[in-house]
Amino acid sequence: MEIPHIPVLLNEVQEIFKNLKTGYFLDCTLGFGGHSEALLKNHPDLKFIACDQDQQALEFSKKRLKDFHNRITFVQSNFSEVLEKISHKEELRGILADIGVSSFQLDNNERGFSVNSDFLDMRMNQNSKISAYEIINTYTKEQLTSIFKDYGELHDAHFIAEKICLERSKNPIKSAKELYQIIGKGKQNHRKISKATLAFQAIRIEVNQELKVLKDFLEHLENLKPKNCILAIISFHSLEDRIVKQFFKKWSKNCICNEKIMRCECGNNHSLGQIITKKAISASKEELLKNSRSSCAKMRAFYFNNLDNK
């Protein structure tokens, strides 16, 4: 079976979860099954719940992981909603979310993620109603500016939005290739990433509501308050990593009083656990040589030791 995607930080993921014995493991973003396959092999007593919103990825992984069919349950869902759909939540001992776009999605011309694509789609869930086409051709100049500024951190966001609106007034923009030509190839000042790459990333974030989905997922976990459970999140964008870092910091605090209050009044017992990774884990030199797309990957991990379910 030809594998269309290389899982990032595979060794590091296995290291984070190496001490898991029994219970349930939730792979929130199964993709093409690389992480789950390795963990299934190394943890024979763990049962798995494997989730993905991409039907193509799910179908592929069902075939790839057929030897483990008696230990794995598949769920088609966005990972922000999966906690509401699954059983055995109280038995979760490990949770993994790899929230990047797979190589298969990037390289599949019809999905419209690549700047070379003849399509303009970018939906991770192809049942979603809004694609990149609708955003590029119907959003106002102000809305587009906000997307490029907030999600792409582009200094010339207004200029890019203006160019798009000018071109679409002549004819609808129908392909990623066409959009790429409109945006231009230039670098974003001192940054090594091209403005087109940043703009495409910003559009993809808007199409899939990626930051909202991540926040919703973390808020659901906060409400769930798992016991004896390790959570690892792999992100590929500085905004995503910032959100994860902020939530982990919040969860690790005992005191939740306003910083202006001199004396603790909250009981000083609100911590949900400990941060496992003091700094985000990045790809090794060896991995970067094999898979250049791992260069932006950052993994953070948290241990929920919420024994009293406060």
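We number each residue from 1, going along the chain as drawn.
Backbone N, Cα and C define each Cβ position, glycine as well.
Per Swiss-Prot, the feature S-adenosyl-L-methionine binding site maps to GLY33, GLY34, HIS35, ASP52, PHE79, ASP98, GLN105; the stated evidence is sequence analysis.
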Q: Could you say which of the binding-site residues ASP52, ASP98 has its Cβ with the most other Cβ atoms inside 10 Å?
A: ASP52
Q. Record lists GLY33, GLY34, HIS35, ASP52, PHE79, ASP98, GLN105 as binding S-adenosyl-L-methionine; longest Cα-Cα distance in Å?
A. 17
**Q.** Tertiary neighbours of GLY33 (S-adenosyl-L-methionine binding site) (same chain, Cβ under 8 Å, six or more apart)
**A.** ALA50, PHE60, SER61, ARG64, LEU65
Q | Neighbour count (Cβ, 10 Å) for GLY34 (S-adenosyl-L-methionine binding site) | A | 20
Q) In sequence order, what residues of the same chain, 6+ apart, have a Cβ less than 8 Å from the Cβ of HIS35 (S-adenosyl-L-methionine binding site)? A) PRO7, LEU10, VAL13, ASP27, LEU96, ASP98
